[in-house]
Structures are given as C-alpha cells and as structure tokens.
Amino acid sequence: MKVSSLLSVALPGAALAATDSFQSRCNEFQNKIDIANVTVRSVAYVAAGQNISQAEVASVCKASVQASVDLCRVTMNISTSDRSHLWAEAWLPRNYTGRFVSTGNGGLAGCVQETDLNFAANFGFATVGTNGGHDGDTAKYFLNNSEVLADFAYRSVHEGTVVGKQLTQLFYDEGYNYSYYLGCSTGGRQGYQQVQRFPDDYDGVIAGSAAMNFINLISWGAFLWKATGLADDPDFISADLWSVIHQEIVRQCDLVDGALDGIIEDPDFCAPVIERLICDGTTNGTSCITGAQAAKVNRALSDFYGPDGTVYYPRLNYGGEADSAYLYFTGSMYSRTEEWYKYVVYNDTNWNSSQWTLESAKLALEQNPFNIQAFDPNITAFRDRGGKLLSYHGTQDPIISSTDSKLYYRRVANALNAAPSELDEFYRFFQISGMGHCGDGTGASYIGQGYGTYTSKAPQVNLLRTMVDWVENGKAPEYMPGNKLNANGSIEYMRKHCRYPKHNVHTGPGNYTDPNSWTCV
C-alpha cells in the first residue's frame, strides 16, 4: 500500500453507503468481542468533529478531544493479574488503511494518550492505547503492589497491543497488514522496551525523547536538586536568573554551528564559560551571578556520577536550562523523583527527600524493578525480523538529556559491532535542534509525530508517513524535516535535521532559514 493512501479521502457518493454499514458494524461490535481478560466498558460510533465522551476516564486524564474522523471507539479493562488491570481504548476509523498502531504514555503514565489515538486514526490507523495500569501521573499506586508496577514497567503496552490487534482483526474483514508504535518520553521508553523485549510486536517503532535510562533519570532529578540547593539558600538561583544564564550560554554557543539563529544546533559542541557571568562590581544581581552561583551552575550542567564513579546520567542539554528551572531547579526535589523513591525504592510513605544520598541512587539502580531500564543494546532480534526503529530527541529538551539517546545509539553500535551505515539499515536516530521535550522549543521542531507537532500546511512532515514509507516501500529517511511555525500557524522556515552521528553546520550561501544552506557533517 503506497504512502499516499495515508491522506486519501473517500468519494462523497461512497461515503453515504459506507456510513450505514460502518455504523451498523460498530453498533453490533460489542456482541462479537470475546477476548480473554477483557471486559468491554463501551462501544460507540463517534462522528468526525464530535467531542469524545470521557465519563469513565479518570478526572486527571480528561482533556478536550474532538474526533478527527468517523470512528468506532471501544473502551475496556484488560486484566493483567488478580491485583491489576489496564484501562484501554481502541479507535477504529472508517478511513482504515490496513495498518495498526499502538500508542504510549507520558510521565509516570496513568492516562490514555487520546490525542495520539486521534492523530493516528486521522491517517487511517486502527489504534490502541492504555493508561499504563493506573490513573494519573503518580507513583502512589505502586506502593505495596508489584503487579501495578509491572504494568508500568513493561507489560501495559504489550498487553494493549495484543488486545488491540485482536480487536482490529475482529472489526475489519481484512485484518491488518502492518503494525506500528508511536510514543514519546515515557512512551519512548516503552517503545524501546518493545523493541528489546517483544521484537515481534511491530514492523516499525517511533520512539522519541525516550526515558529509557529511567532509573538514573529519576535519580538525576535528585542530583540536580542537590546541585542547586534549597530555595532559602543565599546562593539559590531563581528562574529569572536561570533565564539570564540561558541567554549567556546561547550567546557563547550560537555561532558554533555557523548560524546566528538563537539555537544551539548540537550541545556537544558547546563549552560555555559560566564564569563570564560573575558580577564585576558594576553590574547588579539581576543580570549577573556570584562565584558560588557559577559553581552551582557548573555542577548542575555536568554529568551525574554514581558512588562508584561511573556516569549514571549525562548532563543537561545546553539550551534547555531556562525551562529546566521550573522542574529541577525549584528548591525542592522533582515530584516524580520524590514519589519514585517514596513508593518504589523505599516503599515507605514516611520517606522524604532529605534522606536522599548517592547510595540511594545506587540502591534504585540495583533494584531496577521488572527491568524498567530500557537500556539493553542487544536488539538483534528486532533487526533480524526486519523491524525498523526511528528515534528522535530534541536538543533543547529540559526534562530528558538528548545525550542519553546518543549514548544508547553508541551502546547498540558497540554491542552489534555495527558501523553507522549498518545501523542505518534498521535503526536511525535524529537530533532535532531547537526542540524541547517531545515538541515545542525555539527551532524547527514541528516534525509531525502528533497533533502538537503536525501542520496540514506541510502534510509531508509526518512521522507516521515517514515510517510507513520506510517499512512498506523501503524508503528510509535521510534527514528529518522540521518546521518552525509563526504564531498564526504559518511556516516560518524548514530545517533538515541530521541523522546521527552527523550534525548540522550552516554552510550557506543562503541564510539559516534556507534548508539547503545546511550540511550534515
């Protein structure tokens, strides 16, 4: 099936006839569902433009979503043990193209990513998503319940996929021809988990901004808090001052890539001297920092080492520090970090952040419950069955260091003894300059992995379309196109993001808004 069918539209005459048969099939579908461990909650026809009913969705997960296309929506519980279950949804679109896709979660999971379901359904994918086994972005449900933790660690996406595929085969006479995965952040970790643990689940996996080094990422939140101190510390750095620090880092590193565009193309080539911001007696404290504060900045922007001297987690991306200030540099331990230690590592509601030490980080890594770390570089089974892995990470990510994605790529290269040209056959990783966490940012970050980063003004910039073209037509992406949008939604410029290990350099002759004036070197 050609990729152009992703955007095909049914003829008006055929649509009316299809309406009755599609709605009837949906109305009768609940009576046909008989799948082990599945309790159907509802089956409903939803017309394009209709608001998605969320009566049974956890309140913290409710969001305003309008169906992008006509679809049959199935909500259900999937039992995973006698102490755990998943809330799941399957969206089965009228404009079905013979493709199935599973979506992932975010943060500490807890919510079905309905916007991702809607995005995939819009392009004719039968799609499924789960809540990861609990309600809301919290770790409290893991307390004294290892089964719920197992769902979050690895089980939820796989079980949801198994059920989603069965529903797809039941609903559509033709079944499905190809299966895909789409996820970012925690969803990126889940994508890598699938590649490593369930290599036969998908033909193509899109995993973005992945929290795959999960345990050490959690502990990194504590390290950053310790590095920057409490809010009442006389040398505490406010969010406003972090903005000043950010501007100085960009000033020092912007031209390293050859273009003065306000973007650090690749943080690996940035080596800012923070001490240049130390007050000299003629500047005030709102535009400069003290020597003690400079030391804190350098510590916060350095690698996180465990007690044995090994790197647990790489440094924060230069260029993302201003946004990180609202997460990691608040004077309190990052909430997800504190919850993980309280409800998982120590399994003790009385534990508090003041008790954290480097030994705590060591203990957390040794526990690695249900191998939640998705850092296993041996992905030969996925490669050998013909799977394709497309990964991306924003270089302005304030939550998860993009360097971690580079480290994993190198681990795979070493484990498989494979050169980049050999990895290119099945695994391609793209650095997205100016992208924040899974989107946003100051650069050409609209790469089309969801409604937040897709624009109909550039329909070819669509990660699902890119993956379909690679899996089904053998056309692998040489670069990742991304758009920078104006406030009114128009395209300001496009940039061709490089396939790692190459990086972008502005070589002209045009200015930085000309995509052909950049070279991957």
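From the backbone N, Cα and C atoms, a Cβ is placed for every residue, glycine too.
The signal peptide feature in Swiss-Prot is assigned to 1-17.
Listed in sequence order, Phe22, Arg25, Cys26, Phe29, Val43, Ala44, Tyr45, Val46, Trp91, Leu92, Pro93, Phe171 are the same-chain residues six or more apart from Cys72 (disulfide bond) with CB atoms under 8 A from its CB. Taken from Swiss-Prot, the feature disulfide bond applies to Cys26-Cys72 (among others).
Taken from Swiss-Prot, the feature N-linked glycosylation site applies to Asn37 (among others), supported by sequence analysis. Cβ neighbours within 10 Å of Asn37 (N-linked glycosylation site), excluding its own Cβ and spanning all shown chains: 15.
Sequence annotations record features per position, and here Swiss-Prot assigns N-linked glycosylation site to Asn51 (among others). For Asn51 (N-linked glycosylation site), the count of additional Cβ atoms within 10 Å of its Cβ stands at 10 [all protein chains shown]. Asn51 (N-linked glycosylation site) falls within a strand segment according to DSSP.
There are 24 other CB atoms within 10 A of the CB of Cys111 (disulfide bond), with all protein chains counted. Swiss-Prot lists Cys61-Cys111 (among others) with the feature disulfide bond.
Residues annotated as N-linked glycosylation site in Swiss-Prot: Asn77 (among others). In the three-state DSSP reading, Asn77 (N-linked glycosylation site) counts as strand. Asn77 (N-linked glycosylation site) is surrounded by 15 other CB atoms, counting those within 10 A of its CB over all protein chains shown.
Sequence annotations record features per position, and here Swiss-Prot assigns N-linked glycosylation site to Asn95 (among others) based on sequence analysis.
DSSP classifies Asn144 (N-linked glycosylation site) as coil under the three-state reduction. Other C-beta atoms found within 10 angstroms of the C-beta of Asn144 (N-linked glycosylation site) number 11, with every protein chain shown included. Residues or ranges marked as N-linked glycosylation site by Swiss-Prot on the basis of sequence analysis: Asn144 (among others).
If you look up Swiss-Prot, you'll see Asn177 (among others) marked as N-linked glycosylation site, on the strength of sequence analysis. When other Cβ atoms within 10 Å of the Cβ of Asn177 (N-linked glycosylation site) are tallied across all protein chains shown, the result is 12.
In the three-state DSSP reading, Cys438 (disulfide bond) counts as coil. Neighbour list (Cys438 (disulfide bond), Cβ cut-off 8 Å, at least 6 residues apart, same chain): Gly106, Cys184, Ser185, Gly208, Ser209, Gly394, Gln449, Gly450, Gly452, Thr453. Annotation comment: Swiss-Prot describes Cys184-Cys438 (among others) as disulfide bond.
Under the DSSP three-state reduction, Cys270 (disulfide bond) is assigned to coil, being neither helix nor strand. As annotated by Swiss-Prot, disulfide bond applies to Cys253-Cys270 (among others), with the evidence given as similarity to another entry.
On its own chain, Cys279 (disulfide bond) has Gly285, Cys288, Ile289, Thr290 as residues at least 6 apart in sequence with a Cβ closer than 8 Å to its own Cβ. The disulfide bond annotation in Swiss-Prot covers Cys279-Cys288 (among others), and the record cites similarity to another entry as its basis.
Positions annotated as N-linked glycosylation site by Swiss-Prot: Asn284 (among others).
Per Swiss-Prot, N-linked glycosylation site is recorded for Asn347 (among others), and the stated evidence type is sequence analysis. In the three-state DSSP classification, Asn347 (N-linked glycosylation site) falls within coil.
In the three-state DSSP scheme, Asn352 (N-linked glycosylation site) falls into the coil class. Of all Cβ atoms in the shown protein chains, 12 besides its own fall within 10 Å of the Cβ of Asn352 (N-linked glycosylation site). Here Swiss-Prot flags Asn352 (among others) as N-linked glycosylation site, drawing on sequence analysis.
Around Asn378 (N-linked glycosylation site), a 10 Å sphere centred on its CB holds 12 further CB atoms from the protein chains shown. A coil conformation is recorded for Asn378 (N-linked glycosylation site) in the three-state DSSP classification, outside any helix or strand. The annotation N-linked glycosylation site is assigned in Swiss-Prot to Asn378 (among others).
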Using Cα coordinates, what distance in whole Å links Asn51 (N-linked glycosylation site) and Asn144 (N-linked glycosylation site)?
38
Packing count at Asn347 (N-linked glycosylation site) (other Cβ atoms within 10 Å of its Cβ):
13
Rank the disulfide-bonded residues Cys26, Cys61, Cys253, Cys288, Cys498 by the number of other Cβ atoms within 10 Å of each Cβ and report the first-ranked residue.
Cys498
Find the one among the recorded positions Cys61, Asn77, Asn488, Cys498 whose C-alpha lies closest to that of Cys253 (disulfide bond).
Cys498
Of Cys111, His437, Asn488, Cys498, which recorded positions are close to Asp397 (active site, charge relay system), meaning a Cα within 10 Å of its Cα?
His437
Minimum Cα separation from Asn347 (N-linked glycosylation site), reported as the residue among recorded positions Asn37, Asn77, Asn95, Cys520 that achieves it:
Asn77
